[in-house]
Amino acid sequence: MNPNQKIITIGSICMVVGIISLILQIGNIISIWISHSIQTGSQNHTGICNQSIITYKNSTWVNQTYVNISNTNVVAGKGTTPVILAGNSSLCPIRGWAIYSKDNGIRIGSKGDVFVIREPFISCSHLECRTFFLTQGALLNDKHSNGTVKDRSPYRALMSCPVGEAPSPYNSRFESVAWSACACHDGMGWLTIGISGPDDEAVAVLKYNGIITETIKSWRKKILRTQESECVCVNGSCFTIMTDGPSDGPASYKIFKIEKGKVTKSIELDAPNSHYEECSCYPDTGKVMCVCRDNWHGSNRPWVSFDQNLDYQIGYICSGVFGDNPRPKDGKGSCGPVYVDGANGVKGFSYRYGNGVWIGRIKSNSSRQGFEMIWDPNGWTETDSSFFVKQDVVAMTDWSGYSGSFVQHPELTGLDCMRPCFWVELIRGRPKEKTIWTSGSSISFCGVNSDTVDWSWPDGAELPFTIDK
């Protein structure tokens, strides 16, 4: 091939390559234009559709990597608009209690990362129910779980997770530093109250939607404490009860009215012969009913009922079916304190229906074992020990602990009444078992006007753990 032919050949090849490159560029421009046209056209359509948003989060914890996949269904038109929870409905008529949740936290914690907790409780907004709990700043089966039988420490915090889930670092939300707490939702935001600090100078920190709004200082300098269950919201105002003073004698008890995290009114109860601790409260036809723990001298439970102006009435559940623990055998009740085996106690609850009462109580008279619900049709006002219905939920051979009430508002359930519910703490570890830690799981039930069943839903963990050996 002579030089002229070489030049012609090279030129032809370059021309062909250039033409191909030009064609590819034109195709690329056309593709981009078509894609842009499709996206612009999609934005002009406003039809209702369901979207699924999948979020992937990588996090590392104790040299192990976890991938949390959160699949959130977003349904167009679903109401997430804030509403004011009215709280003016009456309690739903019920025949028994259906199992609602069980978190199995201790069983899962033998191998997984689960918080050491106590004092769990449940509270619901108009959109969801959450389990709140007081952590010990430690995980199960870890060295920092040692000594967590202690009630008050600077490591304790109020946290929350979706109801029915074991409380872990991966599904829990921090709420407040606290060794005593309560929380509730007014339809627009969460109110949390966390008490922390030294016994003689404790301070309650109020938060609304996570922002500090006010503080309340201990006024008797003797372990300021609150409910360990949900506060109550009615027509935009939330209500809670705090105690300050001795646990074995007369103390000071105050009701607080709170709006958007700010205290608008408070009163001190005039109750010199009563003792109110760890009250379990619920709304009923626009008023608030609280059933509490008498740690001083009553084996039946004291109650306080008040309206939105904090005008109140006080008393004790009259039934001879006694609700506290320890307690004597059922017998003759009293509308004042029943002094037999009245010292000490445990957090509990009851629901009033006219002259009748659903009494939730530990089955054992002397130790925190078993749990049962009893319907006494005249127990709010009469002192006999006859009852109509008994439903077992934890067997006498299994550990129980604190219990408390919570409600599901009509704005959540779609019912025209307030659904009564309760939770039971299932305490494991010290001081009754040979471990270095104390923690608990929980179960919960809601009232239904249909068939229910007797059974036992125990904690079920096999102890001791590896850390205990």
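Even glycines carry a Cβ here, placed using N, Cα and C.
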| query | If you pull up Swiss-Prot, which of C49, C92, C124 shows a disulphide to C417? | reply | C92
| request: Could you identify, going by Swiss-Prot, the member of C335, C421 that forms a disulphide bond with C446? | output: C421
| Pick from C124, C129, C231: which one does Swiss-Prot say forms the disulfide with C184? | C231
| field | Ca(2+) site partner of D294, G298, N344 (as recorded in Swiss-Prot), chosen from D311, D324, D330 | value | D324
| Winner by Cβ contact number (other Cβ atoms within 10 Å) across the binding-site residues R118, R293, R368 | R293
| Closest of the recorded positions to E277 (substrate binding site), Cα to Cα, picking from N88, N146, N235, D324, N365? | D324
| field | Residues close to Ca(2+) site centre defined by D294, G298, D324, N344, Cβ within 8 Å | value | H275, R293, N295, W296, H297, S299, N300, R301, R327, P337, G342, A343, G345
| Within 10 Å of the Cβ of R152 (substrate binding site), how many other Cβ atoms are there? | 16
| query | Can you name the recorded positions among N146, E278, Y402 whose CA is within 10 A of the CA of D294 (Ca(2+) binding site)? | reply | E278
| How big is the gap, in Å, between the Cα of R118 (substrate binding site) and that of N235 (N-linked glycosylation site), rounded to a whole number? | 31
| note | For the region 'Involved in apical transport and lipid raft association' (11-33), the averaged pLDDT of the predicted model is 68
